[in-house]
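Visitor: Quick one: the structure is below, questions incoming.
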């Protein structure tokens with residue numbers, strides 16, 4: 001953020017805190033409500049618990065809801081905030097929030113609290129929220145909101161505008177108006193843009209678009225995000241299996257989905273949750289250690305493998321020189337293959353390419369990479385050690401190790417995906433530690449075969 | 001995409017191709033224009049060159065522009081498409097496109113072609129586009145469009161609605177209306193939502209928000225994206241250094257920015273361009289090889305280091321057993337630290353934390369991780385080999401190697417960022433290959449020190 005803007009905001013926060021503490025109700029409300037909801041949220045989160053209690057007495061549940069709609073915080077704080085409010089106030093605020101955000105908030109609470117807040121709400125709102133609570137995580141249903149504007153086709157633009165005005169205060173977006181039949185089935189859509197450029201007396205059925213793109217409640221949120229990317233929509237209607245309109249997904253939620261998805265793929269690749277960023281070293285360490293220690297045990301298996309060949313090494317200690325070169329290079333190739341595979345799986349349109357073809361083409365890629373890298377290392381070692389046979393051994397081992405690592409990097413995430421796991425769980429460190437094992441086995445087996453020839 | 005939807009679209013594409021080839025102008029235009037722009041683009045891209053030539057004769061430049069506004073394609077194809085059209089037709093289409101997209105398209109061409117198309121355009125449009133062409137890559141200026149709606153404050157809601165209706169056809173978004181003074185300085189904003197719920201006779205200056213959030217033309221596009229995330233905006237105004245309104249950035253462009261950013265971080269981490277996904281094995285190999293071979297040379301340096309200790313290994317071949325365990329584990333720790341560092345750098349709000357504090361706190365994190373991993377491996381080796389001194393050597397080496405790798409994973413991307421490079425260029429494979437080198441040095445030096453004690 002701009003520095004002057006930042007400073008201005010800080011000064012504003014100080015003034016607000018002052019007004020809050022000295023009970024200047026009028027001044028505080030004016031200054032507070034003039035801020036963007038996001039800035040209100042920043043201010044709120046900067047307050048002490050005592051100050052927050054004062055705030056609850058000065059703002060209506062609706063004003064609080066507008067602010068809570070944009071706060072994105074971790075679970076602990078959210079439930080703390082709710083517990084500070086009087087239950088009836090909290091319930092009223094939840095009812096005023098967009099239903100998708102209210103659901104997110106309720107999901108941070110335990111069953112009993114959830115039930116309490118729902119029982120304190122207006123029955124209709126509570127019913128809407130209860131329904132949303134039932135949708136599975138990461139589906140369109142779990143990110144949709146029920147605050148949309150729907151009309152019937154058999155009316156004029158003028159009367160549609162009238163409906164719009166009356167719902168503009170509660171709807172999450174009024175920029176698309178969905179047209180439904182008598183049984184609430186989605187039959188068309190018209191954008192507010194089209195609505196205002198059309199004649200007031202035109203009939204909705206004449207000006208609406210009948211080719212309305214929708215998603216199903218059960219659709220994966222990533223597929224929904226892809227549709228937003230392709231079509232550049234600001235919102236998409238969500239229908240149930242009978243084509244009834246049940247909600248909408250808006251673009252701000254899709255940005256969160258895209259962010260989360262990217263973060264989780266990225267975290268997976270490095271075997272670390274990158275959410276930590278500025279954590280205490282102790283906490284950061286505790287997040288990274290489980291993977292490291294787990295992989296350490298896998299690495300120990302590799303060590304015991306090498307241990308089998310200790311005699312070979314003691315006879316030809318030159319072999320030790322190339323262990324890290326072979327395992328490292330194969331590991332790098334495996335990481336590359338893994339990253340491509342995880343990305344390929346994430347792209348819905350590319351899933352159709354058959355498992356076999358993908359693995360085969362990656363096998364060929366691995367062979368090409370292995371062959372060229374093998375030739376390079378053959379030349380380097382032959383020249384360095386004046387020993388072409390040793391160069392040949394290292395080159396062949398390198399080629400095989402790379403091909404296998406490449407294949408593992410492709411095959412394992414694809415298999416995970418088939419089995420229903422998140423392919424990003426197969427992390428780069430896992431693939432490279434696994435490839436250490438196969439590389440070492442390949443290397444020492446090939447070396448044993450040629451043992452008599454490269455030792456002079 | 002839904003399978004039935006997919007099939008329906010394919011059938012539609014076939015019918016359209018048929019109509020196009022048999023010159024059923026009326027039917028073709030009706031069926032084509034009823035589709036979403038994205039689907040039109042899909043159809044267009046599925047055509048042969050001959051069929052595309054037919055298409056250009058059936059669609060107006062404006063109709064073509066609507067479709068081109070949503071096509072996202074690689075450079076080669078885009079310039080091919082343009083070269084197929086008559087120059088005057090192509091220029092008219094470019095002029096009808098949103099200026100940000102026209103600029104993207106023009107940027108795929110060489111200077112001479114660019115100049116030709118600009119010379120064929122309406123002068124005012126050409127001037128707008130010329131200005132946009134000057135902004136540096138990855139700034140707000142490079143992704144903004146000039147098709148926005150601006151009004152002056154001194155008018156009623158009714159007259160503002162009138163302006164809006166007249167510009168609705170050309171503006172990229174009409175959902176925010178920006179208020180400017182007589183010198184085109186940004187002084188306020190009002191959403192279409194607020195416009196339609198306010199009384200027609202209300203004055204704009206009374207109903208607009210004066211706290212309008214804007215970005216500067218030179219702002220990094222990632223910072224702009226962060227503002228969209230925070231505030232949930234659909235568009236943001238862009239001002240020059242004198243606060244004149246010069247353009248707007250819309251949320252669909254921001255989604256592309258977020259996608260690109262995530263892809264480049266992710267690609268960097270694995271040292272592979274994940275755009276390849278479904279390429280020919282030969283091409284895929286040629287993309288991955290440069291990094292692999294470059295790192296192979298770095299790995300060769302590590303090998304020559306180990307070579308210095310060949311005598312040590314021939315005396316104590318047991319040392320070879322643990323090479324890959326130590327280099328592998330340190331490499332994993334380095335990759336984790338790298339991923340966190342790259343992510344930290346990408347977050348604008350976290351940049352303020354000082355360089356020194358970050359490096360220090362990562363040093364502590366590395367020490368904790370190293371200490372615990374070192375203890376684990378000490379116990380494992382001591383038990384396995386009944387040799388606590390060997391265990392101690394491996395444990396200490398592991399601890400030091402992890403601490404150094406962790407520090408390198410943090411320090412190198414931060415240094416790159418300070419020097420103005422993209423921190424994602426410091427890839428996971430680079431960090432782990434580099435840490436192989438330091439790990440090996442640490443390992444053999446510590447082993448030399450204790451040589452007399454762990455060999456029985």
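Glycine too: its Cβ is placed from the backbone N, Cα and C atoms.
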Visitor: According to TrEMBL, transmembrane segment applies to one of these ranges: B:249-276, B:389-416. Which one is it?
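Guide: Among B:249-276, B:389-416, the range TrEMBL annotates as transmembrane segment is B:389-416.
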Visitor: Average pLDDT across the domain 'CBS' (B:208-264)?
Guide: 90
Visitor: Using DSSP, what's the helix, strand and coil tally for the domain 'CBS' (B:208-264)?
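Guide: Final tally across the stretch: 25 helix, 16 strand, 16 coil.
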Visitor: Go through B:289-306, B:318-342, B:389-416 and flag the stretch with the largest number of C-beta pairs under 8 Å relative to the transmembrane segment (B:437-455).
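Guide: When the Cβ pairs under 8 Å are tallied, B:389-416 comes out ahead.
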Visitor: When you scan the chain for residues with a C-beta under 8 Å from the transmembrane segment (B:389-416), skipping those not six or more beyond its ends, what do you find?
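Guide: Distant contacts of the transmembrane segment (B:389-416): 318, 322, 325-327, 329-331, 333-338, 340-342, 345, 355, 358-359, 362-363, 365-367, 369-371, 373-375, 377-383, 422-426, 431-432, 434-435, 438-439, 442-443, 446-447, 450, 453-454.
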Visitor: Which sequence-distant residues neighbour the transmembrane segment (B:318-342)? Criterion: at least 6 residues beyond either end, Cβ under 8 Å.
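Guide: Sequence-distant neighbours of the transmembrane segment (B:318-342): 265, 268-269, 306, 312, 358, 362, 365-366, 369-370, 373, 377, 381, 385, 390, 394, 397-398, 401-402, 404-410, 412-414, 423-424, 426, 428, 431-436, 438-440, 443-444, 447, 455.
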Visitor: Count up the helix, strand and coil residues in the domain 'CBS' (B:144-206) according to DSSP, in that order.
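Guide: Counting residues by DSSP class gives 20 helix, 18 strand, 25 coil.
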